[in-house]
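Chemist: I have a structure here, written as structure tokens, and I will follow up with some questions on it.
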Amino acid sequence: MVEMFYDKDADLGALKGKIIAVMGYGSQGHAQAQNLHDSGLDVVIGLREGSRRWKQAEDDGLKVMTVADAAKAADVVQILLPDEIQSKVYYSEIEPGLEAGNSLVFSHGFNIHYNQIVPSKDLDVYMVAPKSPGHLVRRTYKEGAGVPGLIAVYQDASGNALEMALAHAKGVGCTRAGVIETTFREETETDLFGEQVDLCGGVASLIKTSFEVLVEAGYQPEMAYFETLHELKLIVDLIHEGGLEKMWYSVSNTAEYGGLTVGPQIINEESREAMYVALERIQNGEFAREFVLEGQTNHAVLTSMERLEKEHPVEVVGKKLRAMMPWLNSELNEE
């Protein structure tokens with residue numbers, strides 16, 4: 001059984017008296033920075049000059065500097081920028097301001113694991129990764145709770161990197177729910193696999209293909225949308241709350257029998273083999289190299305694929321149907 005760490009296992013004193021620079025103020029940046037600040041820690045935000053987030057961070061009560069100035073001022077530098085720009089920003093603006101004994105913090109291991117960033121050996125390098133979107137990281141913290149998270153130590157120059165990671169996780173609020181110790185390799189490879197095979201790639205392809213099959217068979221696109229996309233949230237919520245067991249218990253006998261007998265015919269051995277191929281590309285660095293090159297071409301392929309996604313019939317139909325359901329916007333705004 002994996003070991004869990006909680007509030008009692010972490011001491012914020014490991015970060016007291018240190019300046020923490022959070023680079024970026026997006027989904028995770030705004031949440032983690034505010035939580036750290038509200039936990040009594042000294043936080044500054046690093047942003048590029050002219051960033052639209054600058055005023056937002058100041059309005060939230062945080063001190064804002066350029067990335068370079070924040071790196072020079074800080075003892076602990078947390079990089080919460082998009083994966084594809086981290087390396088460039090690190091070498092041009094962050095590394096020149098670092099000193100021996102400083103700590104470098106990530107919430108995703110991509111750039112460390114795939115050697116896009118190779119830190120000096122005199123730095124501590126650790127990870128604090130909340131397993132939740134930023135708005136929930138912030139909301140649950142304000143409610144007195146927290147979201148589960150991961151910690152990992154890549155480099156322990158000081159001998160205190162684990163204590164620092166636990167303190168950082170406590171400041172973010174993750175030790176209230178519990179954190180698991182992992183490695184940069186394990187976090188990166190499992191995270192990418194989940195995104196590609198299940199959460200983003202697999203689900204999106206399943207929705208589009210099943211929608212296309214129904215429409216090609218002569219069913220109304222609106223009916224196909226409701227059955228293959230809209231109702232998915234109802235099922236996912238049940239799984240999220242109580243696992244597959246709660247979902248099977250909650251649906252009709254017809255749905256349970258059909259799902260258990262037909263599901264394995266859809267996601268079959270051929271699908272399993274494709275998953276292993278995807279995992280191998282992640283493990284051997286092939287996907288990382290492809291993604292880095294994609295970033296160097298200003299995301300030409302990604303931009304083209306995004307356009308095709310927007311034009312897919314399930315999106316065209318869905319946009320019209322969602323306009324009939326104003327409560328969906330209310331739910332998004334609440335989050």
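Note that Cβ sites are derived from N, Cα and C of the backbone, with glycine treated the same way.
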Chemist: Need a hand: Swiss-Prot gives Tyr25, Gly26, Ser27, Gln28, Arg48, Ser51, Asp83, Glu84, Ile85, Gln86 for NADP(+), which of Gly101, Gly109, Gly134, Gly144 is also on that list?
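Modeler: Only hit among Gly101, Gly109, Gly134, Gly144 in Swiss-Prot's NADP(+) site, alongside Tyr25, Gly26, Ser27, Gln28, Arg48, Ser51, Asp83, Glu84, Ile85, Gln86: Gly134.
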Chemist: Quiz question: given the recorded positions Arg48, His108, which has the greatest number of C-beta atoms lying within 10 angstroms of its own C-beta?
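Modeler: Max Cβ neighbours within 10 Å, all protein chains included: His108.
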Chemist: Across all chains shown, how many C-beta atoms besides its own are within 10 angstroms of the C-beta of Ile85 (NADP(+) binding site)?
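Modeler: The answer is 13 other Cβ atoms.
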Chemist: In whole Å, how far is Ser252 (substrate binding site) from Glu227 (Mg(2+) 2 binding site) when you measure between their Cα atoms?
Modeler: 15
Chemist: Return the residues near Glu195 (Mg(2+) 1 binding site), defined as same-chain residues 6+ apart in sequence whose C-beta is under 8 angstroms from its C-beta, sorted by sequence, else 'none'.
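Modeler: The answer is Gly201.
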Chemist: What recorded positions among His108, Asp191, Glu231, Ser252 are found with a C-alpha within 10 angstroms of that of Asp83 (NADP(+) binding site)?
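Modeler: The recorded positions passing the 10 Å Cα test are His108.
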